Amino acid sequence: QCDNAKGLKAFYDAIKYGPNHLMVFGGVCATVTSIIAESLKGWNLVQLSFAATTPELADKKKYPYFFRTVPSDNAVNPAILKLLKHYHWKRVGTLTQDVQRFSEVRNDLTGVLYGEDIEISDTESFSNDPCTSVKKLKGNDVRIILGQFDEEMAVKVFCCAYEEEMYGSKYQWIIPGWYENLWWESWINSSQCLSKNLLSAMEGYIGVDFEPLSSKTNKTISGRTPQQYEKEYNAKRGDGQSSKFHGYAYDGIWVIARTLQRAMNYLNSTNKHQKIEDFNYTNHKLGKIFLNAMNETRFFGVTGEVVFRNGERMGTIKFTQFQEQKEVKVGEYNAVDDKLVIINNSIRFQGLEPPKDKTIIQEELRKISLPLYSILSALTILGMIMASAFLFFNIKNRNQKLIKMSSPYMNNLIILGGMLSYASIFLFGLDGSFVSEKTFETLCTVRTWILTVGYTTAFGAMFAKTWRVHAIFKNVKMKKKIIKDQKLLGIVGGMLLIDLCILICWQVVDPLRRTVEKYNMEPDPAGRDISIRPILEHCENTHMTIWLGIVYAYKGLLMLFGCFLAWETRNVSIPALNDSKYIGMSVYNVGIMCIIGAAVSFLTRDQPNVQFCIVALVIIFCSTITLCLVFVPKLITLRTNPDAATQNRRFQFTQNQKKEDSKTSTSVTSVNQASTSRLEGLQSENHRLRMKITELDKDLEEVTMQLQDTPEKTTYIKQNHYQDLNDILSIRNFTDGKDGEKAILKNHLDQNPPAPWGSSDPSRTSKDPIEDINSPEHIQRRLSLQLPILHHAYLPSIGGVDASCASPCVSPSASPRHRHVPPSFRVMVSGL
């Protein structure tokens, strides 16, 4: 401990009561030395210290007569600068204890580093708890820490460093090297760290301090080498405690000696009458001579080259590293030559290389894997080959009835749309690893146009075909319609025109641009001391959501329209014409896959391989399933039974009466699909009518015989059989009411309407019209014409003779009405 009062009293007593002193040698305590050095100017005394290292004494305006053979604490800063440059560390942080000694070193270091292209990114100080400051250093990504603190605080600092994981291969601590040997053992109990944890955090730190003795083997001014001096010193010291300042004290004596010698030589050469013995405290001339002589002193001592620059010793600074619980010298810095020497292979860093001065952020483009791109491209090529095969099949068989009825031109457009969709996959897989930034920006637009046009072309053509079937077969009036392919092409062209309008407005107003999205840093997979910041290219614009919403809305409406047409034409079962079932399956699969693909693609924006794989597979699946559903059934049918596909196996028109009461429902059903109950009912009705026919035949024969026997019985016919004849005529009402079918009788009567009962013949001029009408001649003429017609008109309706195999003029007796004929249900449909 330094006693300032005693030190100052001893100095003033020597000045007052002792002989005249030429110089003052010594001064260890900084507080005493600074007071004495400040007052020496009044006595013209030069002071030389061998142990005062406080940076404050370097101020020559305040201490002009002060010299020291030991380098000051600030002398380590040029050495630190040299070390930082040696390892290319350009970004550091400082951690300083709130003590004047350390603060002065820190301030001087700031001045040394200023202008040397080395950034002090963070400056932290603490009084008792350094953990907060250590956390701030880590938060500012400081990797090279320059510390100024004593041994007690050093233990706390490394304890905090262990807790914050600021040690190891990524960090380098540079602290004072003047701590005592095994210094941490004295203060370990004052911290909360375990000894092994503290040593782990301390491993690899670099200490910086002045060199006690030179490592060179040159002879010094005394004729001894530094090694010989050290050996002699240890021998004379014995068991006494060693001081690291002993070499500087030894060289200090030689400095005083050389200074006096130089002063005496100067006096002898300039003024032979004046001697150094003539010096007194008021002799400013001799004081200046001593001051200049000491400042010009230079020799090689046991501590190295002894040179003063403005009173400061230009000494040697050593670097030690804490390795395996001991400090090992790894290099030294010679301030005279401004040269740093690192001992070969002595310094050991925790990693494979020296730590970086900051987290090296290496931007890495997340690109699509080449093997993945190759595999998906191969699948795409297979899909395009399949589409080409379908195109060849469609063109080759375009004159086949099956293909011709399915609109081959529309089929070609479906194939073209599928191939465009396939082609877009190649463009989606091209990123910055394959093309330049400008080309990538162009691809953003091209691939969007190709996929959009391809989708509309394929599904637009498919829906146009379905619309034609709907327009023909859902017409209530059953009028003949001819819708040519040119009109369908116009519909597809209109859909494409809407697409082009949307895409052109998109391109002009808000074009797609290449944007780069940066993600959080990741550790280097190779274990290097760098961080990887993944970047990913995107095609985006300012109002991306709005434009995508417009496109999705249009495509969604298109698919809904296709679903409506497919549902409406589901009962048209001519395979060559109706693809409603396959369209429904396509829309279902495409819709589900697009929804799933869009959702998963959005969630995997940061994984280009996954995103590209999903997009490509969705496009491949949708295009393939659509083409296969359209063409594979045709291919199979053409090879197995081409005629069956063009025949109407179940041709039924249904109209919903719940919507409009005025609409009628007409259905044409084959007997094989009729219900059993309906068949039994018709058979029962057939039996009843056959019995009725038998009875009416007997009545007809009786009437005929009466007419042939006597004309006077006309009144009897009129009165008794008028109702029976009306029953015969009303039979056609039964045929008219069965499922809306029109019998041949109605057609025949429309062409040759018979004279109604009670009508008069205009060629006759009788005064009694009733008597003329009911004359036997008139009655026989009418019956001979109407009875065969009626007989052949109602028989087909009840299962009798086929109306198409007998003439209405054939005699009733020639018809096989009494022979059992199996029921035959025929249908005549007009207007198709």
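First residue shown is number 1, and so on along the chain.
Every residue gets a Cβ built from N, Cα and C, even glycine.
Positions annotated as compositional bias 'Polar residues' by TrEMBL: 664-678.
What TrEMBL lists as domain 'G-protein coupled receptors family 3 profile' is 372-654.
Among the features that TrEMBL reports, region 'Disordered' is placed at 654-684 (among others).
Per TrEMBL, region 'Disordered' is recorded for 748-773 (among others).
As annotated by TrEMBL, transmembrane segment applies to 370-393 (among others).
The transmembrane segment annotation in TrEMBL covers 413-434 (among others).
What TrEMBL records for 446-467 (among others) is transmembrane segment. Beyond the ends of the transmembrane segment (446-467), by six or more residues, the same chain brings 406-407, 410-411, 413-414, 416-421, 423-424, 427-428, 488, 491-492, 495-496, 499, 503, 512, 539, 551, 555, 558-559, 561-562, 565-566, 569, 578-580, 583, 586, 590, 619, 623, 626, 630 to within a C-beta distance below 8 angstroms of the stretch.
Annotation comment: TrEMBL describes 488-509 (among others) as transmembrane segment. The list of residues near the transmembrane segment (488-509) in space but at least 6 beyond its ends in sequence, with Cβ under 8 angstroms from a Cβ of it, reads 407, 409-410, 413, 445, 448-449, 452-453, 456-457, 460-461, 464-465, 467-468, 547, 550-551, 554, 558.
Taken from TrEMBL, the feature transmembrane segment applies to 546-567 (among others).
Residues annotated as transmembrane segment in TrEMBL: 587-603 (among others). Sequence-distant neighbours of the transmembrane segment (587-603) (same chain, 6+ residues past either end, Cβ-Cβ under 8 Å): 459, 559, 562-563, 566, 611, 614-615, 617-618, 621-622, 625-626.
Counting only same-chain residues 6+ beyond the ends of the transmembrane segment (609-632), those with a CB under 8 A from a CB of the stretch are 368-369, 372-373, 376, 379-380, 383, 386-387, 390, 393-394, 411, 414-415, 418, 421-422, 424-425, 428-429, 451, 458-459, 462, 579, 582-583, 585-586, 589-590, 593-594, 596-597, 600-601. Look at TrEMBL and you will find 609-632 (among others) tagged as transmembrane segment.
Sequence-distant contacts of the transmembrane segment (546-567) (same chain, six or more residues past either end, CB-CB distance under 8 Å): 452, 455-456, 459-460, 462-463, 466-467, 469-470, 495, 498-499, 502, 506, 510, 580-581, 583-584, 587, 590-591. On the 0 to 100 pLDDT scale, the domain 'G-protein coupled receptors family 3 profile' (372-654) averages 79 in the predicted structure.
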